[in-house]
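What TrEMBL says about this protein:
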type: REGION; residues: 1-31; note: region 'Disordered'
type: COMPBIAS; residues: 22-31; note: compositional bias 'Basic and acidic residues'
type: REGION; residues: 95-114; note: region 'Disordered'
type: TRANSMEM; residues: 135-156; note: transmembrane segment
type: DOMAIN; residues: 137-291; note: domain 'EamA'
type: TRANSMEM; residues: 168-187; note: transmembrane segment
type: TRANSMEM; residues: 208-230; note: transmembrane segment
type: TRANSMEM; residues: 250-268; note: transmembrane segment
type: TRANSMEM; residues: 275-293; note: transmembrane segment
type: TRANSMEM; residues: 299-321; note: transmembrane segment
type: TRANSMEM; residues: 333-357; note: transmembrane segment
type: TRANSMEM; residues: 394-414; note: transmembrane segment
type: TRANSMEM; residues: 420-443; note: transmembrane segment
type: REGION; residues: 462-490; note: region 'Disordered'
type: COMPBIAS; residues: 480-490; note: compositional bias 'Basic residues'
Amino acid sequence: MGIREFPSGAPRGKSIAVGMRRSPDVSPRRLSDISPQLRQLKYLVVDEAIKEDLKWSRSVEDLTSGPVGLTSIEERILRITGYYGYQPWAASCKREERPRDSPGPAEAQAPAGVETGGRASRRCWTCSRAQLKKIFWGVAVVLCVCSSWAGSTQLAKLTFRKFDAPFTLTWFATTWNFLFFPLYYVGHVCKSTEKQSVKQRYRECCRFFGDNGLTLKVFFTKAAPFGVLWTLTNYLYLHAIKKINTTDVSVLFCCNKAFVFLLSWIVLRDRFMGVRIVAAILAIAGIVMMTYADGFHSHSVIGIALVVASASMSALYKVLFKLLLGSAKFGEAALFLSILGVFNILFITCIPIILYFTKVEYWSSFDDIPWGNLCGFSVLLLTFNIVLNFGIAVTYPTLMSLGIVLSVPVNAVIDHYTSQIVFNGVRVIAIIIIGLGFLLLLLPEEWDVWLIKLLTRLKVRKKEEPAEGAADLSSGPQSKNRRARPSFAR
């Protein structure tokens with residue numbers, strides 16, 4: 001493996017010698033002589049600093065070697081293993097071939113390596129801090145969603161003992177939706193660097209409805225249907241609280257996640273996922289078992305039917321919103337929810353009045369109305385919707401959904417001490433099945449790919465551990481006699 005020349009047909013004076021620098025104290029060897037050591041290379045990991053030096057030195061070697069810049073594979077392996085005593089991190093190896101004003105590889109790479117390592121460590125630290133911050137906010141959002149949803153459910157149950165008017169309570173709580181856009185604008189003024197007036201911000205958010213903004217036609221075609229679905233969802237949920245206990249109501253309402261998947265699969269042609277089909281089957285099985293838990297009494301069957309209808313209206317609301325309007329930004333979502341509150345004031349107000357005069361929902365005097373309970377329920381429901389719609393800005397959507405399912409054990413504990421609920425085996429199994437189906441629906445679409453990658457990585461690590469141990473034992477005596485070789489570390 002000495003000097004190679006072009007064939008005799010090549011012009012004289014243009015023969016190119018391509019070789020490698022040999023250390024005077026190390027004799028060259030052939031590739032066959034070091035085959036046992038080559039088999040150990042795959043178990044060795046090069047230090048990061050040396051790896052960078054090797055990359056630099058190989059690129060310089062290829063560039064300075066003339067037109068025939070690619071050395072043979074045998075020479076490259078000998079150079080990497082160090083049998084030629086090749087030391088790319090020593091400045092003396094390349095000092096004669098480089099101009100004086102150019103720094104050596106050691107001088108150039110050491111600061112870069114330090115800077116790269118510092119940047120990488122700072123980036124990892126920043127990423128870990130950002131993730132920890134998101135998880136911290138996620139825990140806060142989960143607690144807020146769980147407490148507001150469970151608190152509004154329990155407060156509604158308490159309100160019906162003095163004020164038996166579920167539709168009036170629905171109308172009163174939905175009216176508070178008009179506060180969404182004002183609250184959003186306050187946050188915009190406090191946080192945004194480019195502050196806009198209310199009129200400018202309103203016009204910008206109205207582009208969500210189309211080029212013409214919020215017209216009368218758009219109001220009745222794209223806002224009014226969702227106002228009806230919003231009112232039906234809340235009314236059916238509150239009416240079910242009158243019939244059955246809050247634990248059953250909260251756990252059955254978790255089935256809306258399965259209904260959203262089924263409707264999205266049928267209407268929106270979303271991706272088919274077997275695990276979500278299993279979750280939908282578990283939700284349906286849980287509904288049946290929950291009905292069987294009380295012995296198919298008419299009172300409980302009506303209450304369960306009302307909750308399932310409420311979950312269905314909620315799923316239809318979400319799927320139609322995605323179909324007709326798509327995805328909305330924070331300001332657009334706030335404006336849309338405020339429009340629902342305005343629609344409720346303008347067009348739904350007549351229904352509680354009719355129910356009052358027909359004595360379907362009647363109260364003797366306005367002094368008998370528990371205004372504290374009504375306002376408390378409305379504030380809790382408004383807080384729940386604000387956190388659920390805008391919590392994605394500070395944390396992961398999956399963590400927010402966990403707050404809904406965690407409200408089930410909270411309601412169960414409260415019902416255990418405040419009502420005569422019986423947690424028999426069928427009810428407990430139904431709660432567990434519905435909760436499991438809800439958690440399966442929270443899995444991302446690529447969960448199977450992530451699981452396969454994780455299992456593969458674990459298998460590779462288990463195979464490498466005994467091989468690395470054997471490699472360390474075999475390479476121990478040799479490493480003492482090779483001071484000129486690159487240092488390898490695990």
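Quick reminder: no glycine exception, Cβ is built from N, Cα and C everywhere.
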For the transmembrane segment (333-357), which stretch among 135-156, 168-187, 299-321 has the most Cβ pairs under 8 A? 168-187
Range from 168-187, 250-268, 299-321 with most C-beta pairs under 8 A to the transmembrane segment (208-230): 299-321
Given pairs 6 or more apart, does the transmembrane segment (275-293) have at least three Cβ pairs under 8 Å with the transmembrane segment (420-443)? yes
Most CB pairs under 8 Å with the transmembrane segment (299-321): which of 168-187, 250-268, 394-414, 420-443? 250-268
Name the range, of those listed as 168-187, 250-268, 394-414, that has the largest tally of Cβ pairs under 8 Å with the transmembrane segment (135-156). 394-414
